[in-house]
Each structure stands twice: as structure tokens, then as C-alpha cells.
Amino acid sequence: QVETLKEKLLEQAQEISRLRSELGGTDAEKHRDLLAAENERLRQEMKACEGELRELRRQQQQAPCRDCPHLQENTGLQEQLSQLQREAEETRAKLVELDLEVQQKTNRLAEVELRLKDSLAERAEEEERLSRRLRDSQETIASLKSQPQQIKYIIKTVEVESAKAKQALCETQSRNQYLQEQVGMQKQVLKEMEQQLQSSQKTEAQLRAQIMMYEAELERAHGQMLEEMQAMEEEKNRAIEEAFSRAQVEMKAVHENLAGVRTNLLTLQPALRTLTHDYNSLKRQVRDFPLLLQETLRSARAEISQAIEEVHSTNRELLRKYRRELQLRKKCHNELVRLKGNIRVFGRVRPITKEDGEGPEAANAVTFDADDDAVLHLLHKGKQVSFELDKVFPPQASQEEVFQEVQALVTSCIDGYNVCIFAYGQTGAGKTYTMEGTAANPGINQRALQLLFSEVRGKAADWDYAITVSAAEIYNEALRDLLGKEPQEKLEIKLCPDGSGQLYVPGLTEFRVQSVEDINKVFEFGHVKRVTECTNLNEHSSRSHALLIVTVHGLDRSTGLRTTGKLNLVDLAGSERVGRSGAEGSRLREAQHINKSLSALGDVIYALRSRQGHVPFRNSKLTYLLQDSLSGDSKTLMMVQVSPAEKNTSETLCSLKFAERVRSVELGPVSRKAELGSWPSQEHLEVPKMLLGDSPGSAAPPGRGHASPSPGHLSSRSASIRRKLHTSG
Ligand code: ADP
Ligand code: MG
């Protein structure tokens, strides 16, 4: 065992020495030294390059050239140069870094070697100790061999001790193994370092190539710069020569100019003298200017105030004339109305409707004259009766067409006139349709208010207007407020206490309206009231008069003139004669009231137009209420509604007769008579008794209620009369 241990130890020692020679550190160290030397050489080269560069720059500064065309190129080159320098600088920094790395690696190598040496020394010591013990053991064995008695004992001890030796050997072996591992590790590190060294050598070679390239570049730049400098020098010389010759020429011209200026100066001196003189006189004027200005302003002010005064007085005069003119106009208008007659009678024939039924009863009994829109013919009991009104609207006439004919009346309300528009006719003849219309196709009421609004807006620059609306109903001679809180309350018509003779209805609600929306609300309100009050609105409304009273108050801001106009829109109760059917009780009373009030209306109109001293306004609530809208220079339109159906012909006949009666008094008996006096045959113009009524003045106006021999003849004649009347009006 001891032998083998010794052998192993020897082997280990050999291995260690081999490793040491292998490691040696000599190659790496050599490499490092080589690199260091190379670095040093490169540094030297760099310094030489820098020196050269400085020299070049100095040369350039000594011979600077301005306005040189190559200056730009030169600066470009310089920039390139500095770029190269920067790059060289960077390379240098990299080199230093590499140096540092190599240094670090060398240090680490030295450390590793040191550690290796230490471990080798330890190992030698251990070997020494073991060999000593071996020797001791051998000696002991020898002595024991000589003492056989003790041998066994000693062998035993040796056996025991050999166990210890074994253990020590084991330890040594493990230690050996550790050292071997260490050596392996060191080898690894060495390999890595070699690799690093190789890579740094590669980098170095690259750097060197770069430096070589830079040097070549530098060389080229230097050559270029020298060439350019030479060219610049030549150019400079040339430019100097040119400038010199040019300067000589210019100098000559300047000399010549100078001579000219001198002569000019001589001539300018007298001009300067006159200018100075002028300036002095201007200065004096400026000094005097404020005084002059004040004086002028004073006189101008006086003139202006005089002119203003004159304008004022002219204005006053104009205003006076304007007022006089207004009064004159009104007078003229009144006169015109008086001459023309202020009652117009229109007829409107509704279309045949489903309610008229079918068969001969629903046949059309009304025809029109193609050439005259004021004539209509009614076929009654086999006879044709012709009527002439102011205008007749056939069934196809639209609401708009009807309104076009009445809108002049409506607008005169703004000028301060009172206007009444009545819808007259039997129930179902279209009174409500004409006055109220439908939501999609409104009638006169709504269109009139719309027109009033737009007219008022148009005059807003000079006038202030206030429009108010009231709605009332007359049923059985009782007046009720349709917009009030107490619709059942009977209202009274009273004389104004101010002694003006005007009438008013205390408690009648008035709404101020400013827009179409307002009116719609008012209408809606009134309608709702009426519907809730009556069990059968249609029946009720046909037996009562519905009034919409629109009042327009105007104020002319410039003259202070005030106007008040009233527009009364009346949907009259049905004009059909009830008495015949033998009605009784309340129905009879209603019929009596209606008959009374309608004939009172006829009487009043008749009395007004025939200019009777007494006009029976008080005979009915309706005429009494409308007294001031029917008298004076008021205007009235009677819209007589008729049904064209065969079954209604007798009522249609009555309505048309009423219309003609009202119309016949319109122009007054005298002028009418004169016109009609020239007619060839008066026998045909028989006056029906029922039209004349019992009024004393009624004998004069001849109606044409009976069959006419020739409608064409009649219509052309009546048209000619109307034309004459129009021109005289
Ligand atoms: P009144 O008020 O005279 O009793 P209405 O105005 O109620 O009569 O008319 C009776 C019917 O005839 C209504 O259905 C109405 O719509 C219709 N009507 C009246 N006139 C015309 C017209 N010109 N065009 C179309 N329909 C009409
Ligand atoms: Mg009606």
C-alpha cells in the first residue's frame, strides 16, 4: 500500500509539473506584450497624424481666402476631416479599453498561478509528512520483526494504524481530485482568455485597417486642399486686377457726377430762397388758421340752425297739411262709400252633398251665367228664376277665392271703419263653412284675423295696433258671452255713460290677440264652451246667431291720430221657415225669435239704405248690438248661402229674394230709377209683394224675382248697369 501511495504521489507531482509547463502563462504574456507594443506604435502614428493635421490647419489660416468659390468645398472637407478625427478618437478610446481588458486578464492569470503554486506547496508538505510516517512505520516493522512476540501485537497496532493511513490516503485522494478539478477550471479560464485575446486581436486589425483608410483620406484631403488653395490664389489675383480696373472707371464717372452736382447746386440756391420765403408765409397762415376756423364755424353754425328752423317750420306745415289731407281723404272715402253704397250682397252656392240624398230630390236646380259672375238662375217648379247679386260664388269656388273678395273690407277695419259680414241662409246651406270653415280649409274668420295681423305688421313702422277678440251668441233674443266664465249669464247692451252715444256690453270678455296661435286658442276655447253647453251643437247653432267681434285700435305715432275699427263676423241662425211645419212650444218660440231678428236685420238695412230718419235698431238684440257697425260710414257684406238641391228650392228662392231685397235698396231709389228707366220693357220687372215688406219706402226698388224672358238678355243688361254704377261710383 505504501508503495502504491508513493507511486501515486509521484504521478501527481509529474502531472503538476506538466500542467505548470502547459499553463506556463508564457504564451498569454507574450501575446499581451506584443499587443502592448503594437498599441504603443499605433499611438505614435496617431500623434504624427495629428501633428500633420495641425500643420495643415495652420497653413490654411495663414492663407485665408475670402469670396473663394472653393470655400464651401473646403469647409466640407474640413468637416470631413473633423469627422475622421472624431472617429480616430473613438478608435483610440476603444484601444485604451482593450489595453485595460488585457491588463485585467493578465492580473487574473497571475492570481491563478499564485493559487496553483500554493496548492502545489501544500501537496509537497503532505507528501513529506506521509513519507515520514512511512519511514517510521517501516522502522517499527523492522524492530517488530526482530521481536516476534511483540509482532502480533504490533501487527495489530499496525493494522489499526494502517486504517488511519487508509483514511489519510482517502483524504489525500479527494484533495487530489479537487486540485485536478481546479486545474480543469483554470484550463477553461485560460481557453476563454485565449478566445478573448483572439477577438481583441481581430478588433485591433480592423482598427488598424480603419486608421490606414483615414490616413489615405487625410492624404487625399490634404492634396485637394493644396490644389484649391493654389486655384484660390490665382483667382484672388485676377479679382484684384479686375476690381482695380473697375474702380478706375468708376472713379472717373464719380468725378464727372461731382462736376454735374456742383453746377446743380448753383442753380438750386435761388429755388431754395423762394422755398424759404413760401415756408415763412405758410407759417404765418397756420398761425392765423384757428381764428379763421372759429369764424367759419360760427357762421356755419348759424346757417345750420337757421336751416333746421326752416325745416322745422316746413315739417309743421307738412304735418298740418297731412292731417287736413287725412280728414279730406276720410271725407272723400265716406262720400265714395255713400255713392257706391256700403252694403254688398254676395251669393254662395254649396256643392251637392251626400246629405242631399239621391234621385230627383238631390238634382241640381241652380245654374250660372258664363258671362256674368253676378247672376244665377234657379229652376223652381218648372220655371227659371234669375237673380242678380254683386257676386255669385259657384259650388267649386274655394274658401280662398271667397276671401279674396272680402279682404278689402277686412283691411278697411284697420283704417278705423266698422265692418259687418253676415252669413245668411237656411240650415245646411254652408254658413258655418263659409265663416268658420274646417281646420284644413279655414273660412273668413280665421283668414280675416291672419290678414289683420300681417297688415298691422306691415304698418308697424308708424302705427301701434292692439287687436282684441270677443265671441258672443244670441239665442232667443238673449246675448251670451262665449268666452266668459259664466256662459249662461245673459248680457245687456248699454249706452256708454260718456255721452258719445256708443253702445257697449258690460261683462263681455275681450281677449287681446297677437298671433294666429292666440286666435286658434280663443276659437278652440269658444268652441269647447259651446259644445259643453249644448246637447246638440248643430241644432243649437242653427237656431242662434254666432258673433265674432274683432276690434282694432290704432295709434299713428307721428300724428297722434287714433283709430278704432270693428269687424263683426256673424254666422246667422238658419233662415228656414218653421211655422209651416206646425212646430210647437220651444221650437216655435225659437222660430219666432229667429224670424223676428232676421226680418229686423232686413228692416234696419232697408231703413239705412233708404236714409229714413228712424232706423229700427232696437227691434232685435242683433241689430241693437251691431248698431254702430251698421250705421254711419260702416260697411256691410251679406253672404247669402244657398243649397243647389231640388228639394231646397223653395228655401233657396226665399234666401235669394231676401238678398235681392237687401241689395235693391243699396243704391238708393233715385239713381236706380234713372238707370232702370231706360229699360225697354218694365212689365217683366214685376215687384214681388213679399220682397217689398210693409216699409213705406219699399215701393221704389224694383226687384227681378220672377221668371225672366231671356236670361242672356237680362245678364248682359244687368252687367251694363253694374258697369255704369261702378264708373259713377
Ligand atoms: P250651415 O252652417 O249653413 O248650417 P254648414 O256650413 O254646416 O251649413 O254646411 C253644411 C254641410 O255642407 C257641411 O257638411 C259643410 O261641410 C258642407 N259645405 C257647405 N258649403 C260647402 C262648400 N262650399 N264646399 C264644400 N262643402 C260645403
Ligand atoms: Mg251652421
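Just so you know, glycine gets a Cβ as well, placed from its N, Cα and C.
Annotations in TrEMBL come from automatic prediction, not curation.
A C-beta separation below 8 Å, combined with a sequence spacing of at least six in one chain, links Gly430 (ATP binding site) to Arg348, Arg350, Gln641, Ser643. TrEMBL lists Gly425, Gln426, Thr427, Gly428, Ala429, Gly430, Lys431, Thr432 with the feature ATP binding site.
Here TrEMBL flags 2-147 (among others) as coiled coil.
The coiled coil annotation in TrEMBL covers 190-246 (among others).
Residues or ranges marked as compositional bias 'Basic residues' by TrEMBL: 720-729.
The domain 'Kinesin motor' feature in TrEMBL is assigned to 342-665.
TrEMBL lists 685-729 with the feature region 'Disordered'.
Ligand 2 lies under 6 Å from the Cβ of Lys431, Thr432, out of the binding-site residues Thr427, Lys431, Thr432.
Listed binding-site residues: Gly425, Gly428; maximum Cβ neighbour count within 10 Å falls on Gly425. Counting every protein chain shown, the number of other Cβ atoms lying within 10 Å of the Cβ of Gln426 (ATP binding site) is 21. If you draw a 10 Å sphere around the CB of Lys431 (ATP binding site), it holds 29 other CB atoms from the protein chains shown. Mean model confidence of the domain 'Kinesin motor' (342-665) amounts to 88 (pLDDT, 0 to 100 scale). Counting Cβ atoms from all protein chains shown, Thr432 (ATP binding site) has 19 others lying within 10 Å of its own Cβ. Cβ neighbours within 10 Å of Thr427 (ATP binding site), excluding its own Cβ and spanning all shown chains: 18. In the three-state DSSP reading, Gly428 (ATP binding site) counts as coil. For the ATP site, the Cβ centre of Gly425, Gln426, Thr427, Gly428, Ala429, Gly430, Lys431, Thr432 serves as reference, and the other residues of the chain with Cβ at most 8 Å from it are Arg350, Ala423, Tyr433, Ser542, Gly574, Gln641, Ser643.
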